[in-house]
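Trainee: Sharing a structure below in C-alpha cells format, with a few things to ask.
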Amino acid sequence: MSYGSGGYNPYQPAGAGYQDGYSAPPGAYPPQNAQVSPEAQRWFSMVDRDRSGKINSEELQRALVNGRGEHFSDTSCKLMISMFDNDASGTIDVYEFEKLYNYINQWLQVFKTYDQDNSGHIDENELSQAFIQMGFRFSPEFIQFLVKKSDPQNRKEVSVDQFIVVCVQIQRFTEAFRQRDTQQNGVITIGFEDFLTVALGCSV
C-alpha cells in the first residue's frame, strides 16, 4: 500500500501536507465564548427535538439525509458525534454542533467533487479517483472491498455518509501505520497485541 506524500486531509488539495487528527480550515472551530452563526443556531434548534440544549446521535440521524433520500447511517452519526463530543457525554452542545456543522459541509463539498455525475452517490471508479486525489494508490480489488463493506445492500455505490465513515477509517489506520513505519518505506512489522490495539482503536 502507498499512502503518498500528501496523506489525507479533506480540507486541502492532495499533496498539501499530511496533518494528524481531523484538521479543519482556520476559523472553522470558534472558541467556546464565540457567538454561534445564525445558520448553525437555526439547524441546532431544528435538530434538538427535545429542547434539551444537547444533540445525540439519534437526533442527528433524523436530521441528515443522503443523496439516496435515506437518513445517514447509525454508524456515521455516532462517529461524527464522538469526534466533537469533548466531554464524552454522548451528546454535543451548540458550540460543538457548529464545529460538526462546518465539518459536514466540508465533507459534502469533497463528496460533490467526486460525484461527477451528480447521482448522489459514487461508484467504484469515482471512489478510486477520490482516493488518488487524496494521495492513496489502492488496487481495484481493495476499492471493491471498501464499496462492498460500505454498502451491505450490494448496490455497488457509496453514499455521502458511507464515504465519510470509510475515509475517517482510512485516515485513522493511516495515522496508526505511519507511527509504526519508522523507515517510511510502506512496510511495518507488528505484534499481535499491537495489531489488535490498532484494529480496535481505529474501528468505527
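Residue numbering: from 1, along the chain as shown.
Placed from the backbone N, Cα and C atoms, the Cβ positions cover glycine too.
The domain 'EF-hand' feature in TrEMBL is assigned to 35-70, 102-137.
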Trainee: Within the domain 'EF-hand' (102-137), how many residues are helix, strand or coil going by DSSP?
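Mentor: Counts, helix then strand then coil: 24 helix, 2 strand, 10 coil.
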Trainee: Can you give me the average pLDDT across the domain 'EF-hand' (102-137), rounded to a whole number?
Mentor: 88
